[in-house]
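Asks: Provided herewith is a single structure, encoded as structure tokens, for subsequent inquiry.
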Amino acid sequence: MTIQEYPQELKTPLNSSTSSTTMEDSPKTQQPPKQYWRFSKQDFFPEPSFHNFSTYKNALTGTLTRLKNRLLTRSTETTELIELKKESENEMKQCLTWWDLIWLGFGSVVGSGIFSITGQETRLNAGPSIILSYGISGISALLSVFCYTEFAVEIPIAGGSFSFLRVELGDFVAFIAAGNILLEAIVGAAGLGRSWSSYFATIINKNPDFLRIKIESFAQGFNLLDPLAVLVLALANWIAMTGTKRTSILNWISSIVSCGVILFIIIVGFIHGKSENLVPFFPFGAGGVFRAAAVVYWSYTGFDMVANLAEETKKPSRDIPLGLVGSMSMISVVYCLMALALTMMVKYTEVDVNAAYSVAFEGIGMNWAKYLVGICALKGMTTSMLVGSMGQSRYTTQIARAHMIPPWFALVHPKTGTPIYATLLTTITSCILALFTSLDVLSSVFSFSTLSIFMLMAVALLVRRYYVTDVTLKYDLVKFLLCLFVVIGSSIAATVLWSTDKKGWVGYIVTGGFWLLGTLGMALLPKQRLPKVWGVPLVPWIPSLSIGMNIFLIGSLGKAAFYRFFICSAVMLIYYVLVGVHATYDMAHHDKQDSVIEDGKESSNQML
């Protein structure tokens, strides 16, 4: 059932005074709307488990039972689209079209990495073959875009991948994704703030750390304080809080201007470029190409933030496919051309790590052009922060609606139609991180988190097509799970072989053969669900390939990224066991609990 098919009473605004009432409800006086600016324990922890220390202690004793329940529970489209939205008390405004989404996609993606990461990866990992790194990451991102688009069309809700995973893979997997979503949002915003500061500093002075404050006693990578990054992040998030349509108009006007500057960069790069700068093309070997591809994936992130705006889109079935697929296809081509232009202008050994394009134009004698490029980079990163702020707060809103974090963060302001509390949460945390943490530390954590979520999205799409509760035969389910296990296992095996630098192609032929058999096995199984409006073509081949590519890119990251990722995940699990599992369990069983409370009241009245 699509959102358009729900009864009219389910689509009325959450705070509407004209919603229909039943005969039973008519005598009741309507409750006045609650004040938005409020701050109480009930707003943060309304669940029965947190009423007092005794109830919390009782909840902890049942942790294992509750964990089992949450692990095996899947949400429904009705819950995500209708029930959870009530937690926000006010509706978000449906004001976006496909035109808005295309430029929101362009504004959120272009500038989030091409200006900040290209120099680092060209100089340290890929050399001129950075072009291939962008091509590989672009294909992988486009595969993920297909998966996101089908879900966003059929479940147009603010939660994006969190809601999609909750419906298909269950509550516990969705929580792990939610933690990584928040990590991705915070780390990504902090990284953009640091990049903005570096580029602005190079316009004033060649030293990208010119405006940072060095603290000798702090550890390397955390010893350069960046107050300018904090200021820019705070300003971008403030604009995003004022209204969705206003932010969109500001974004697409500035993005169109950026297109002209990007065209200038490509043309000048080709005119002044030298083919000898492309030799050697693989200075770090094929391994360098994939290591760089795993990190420059950051340059393509942002489209998932646009998918989060589905709840505010006028016609999701038309606008989302045009906006997401169209913008990402265009961006992939632009990135490859920009990377080629850079490596033709400057020898890879001379590429500046922090402000590659500005310094490159200075190197060919076009000092005035470096300021134009620097301003374009600043503008691109600013719009990325702007759209990122919108998407991050929508993620956070849906996570709060599900009570995985306090539902206070789900509240939508009645006038602006934006989740101000959720925006403030991501703003404050990203500002703190941006103040201390260097760009290289942020980028590796961000890439691992993003790639793992995209991999889970591809798995969720396969589950959606091949498994429907109480419909799929048990025998077909077992065969599907076996095929999925083979696809994931063979992808991991190929990644391990690559990371250990094993010579010869026998291992790759074997692992590739297993991947092919697993995918072919799924293709021969009957599909249990078909898309209603827009669907990913060539299922299961495209999502299976997306799984393989994302796992392979994850394996290309360094050990430090794994350590940081698992430390963050461990913290998330501790929070889930102590808080999240009890809040979501209470949320899922509130009707039953209300019934028990009412029965208890009736028994007490009878005794009196």
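Note: Cβ is positioned from N, Cα and C throughout, glycine not excepted.
Predicted, not measured: the structure shown is a model, and the values here were computed from it.
Straight from TrEMBL, here's the annotation block:
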- 1-33: region 'Disordered' (REGION)
- 13-33: compositional bias 'Polar residues' (COMPBIAS)
- 101-119: transmembrane segment (TRANSMEM)
- 131-152: transmembrane segment (TRANSMEM)
- 172-192: transmembrane segment (TRANSMEM)
- 252-271: transmembrane segment (TRANSMEM)
- 278-300: transmembrane segment (TRANSMEM)
- 320-342: transmembrane segment (TRANSMEM)
- 420-439: transmembrane segment (TRANSMEM)
- 445-468: transmembrane segment (TRANSMEM)
- 480-499: transmembrane segment (TRANSMEM)
- 505-526: transmembrane segment (TRANSMEM)
- 534-583: domain 'Cationic amino acid transporter C-terminal' (DOMAIN)
- 538-557: transmembrane segment (TRANSMEM)
- 563-585: transmembrane segment (TRANSMEM)
Asks: Give me the stretch from 172-192, 278-300, 445-468, 538-557 with the greatest number of Cβ pairs under 8 Å to the transmembrane segment (563-585).
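Replies: Ranking 172-192, 278-300, 445-468, 538-557 by Cβ pairs under 8 Å to the transmembrane segment (563-585) puts 172-192 first.
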Asks: Of the listed stretches 131-152, 278-300, 445-468, 480-499, 505-526, which one has the most C-beta pairs under 8 A with the transmembrane segment (172-192)?
Replies: 445-468
Asks: Across the whole of the domain 'Cationic amino acid transporter C-terminal' (534-583), what does the mean pLDDT come to? Round it, please.
Replies: 86
Asks: Tally Cβ pairs under 8 Å between the transmembrane segment (131-152) and each listed stretch (278-300, 445-468, 505-526, 538-557), then give the stretch with the top tally.
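Replies: Stretch with the highest Cβ contact count: 278-300.
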Asks: Write out how many residues of the domain 'Cationic amino acid transporter C-terminal' (534-583) are helix, how many strand and how many coil, based on DSSP.
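Replies: Grouping H, G, I as helix and E, B as strand yields 40 helix, 0 strand, 10 coil.
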Asks: Counting only residues 6 or more past its boundaries, what in the same chain has a CB within less than 8 Å of a CB in the transmembrane segment (480-499)?
Replies: 287, 290, 459, 462, 466-467, 472, 507-508, 511-512, 514-515, 517-519, 521-522, 525, 544, 547-548, 551-552, 554-556
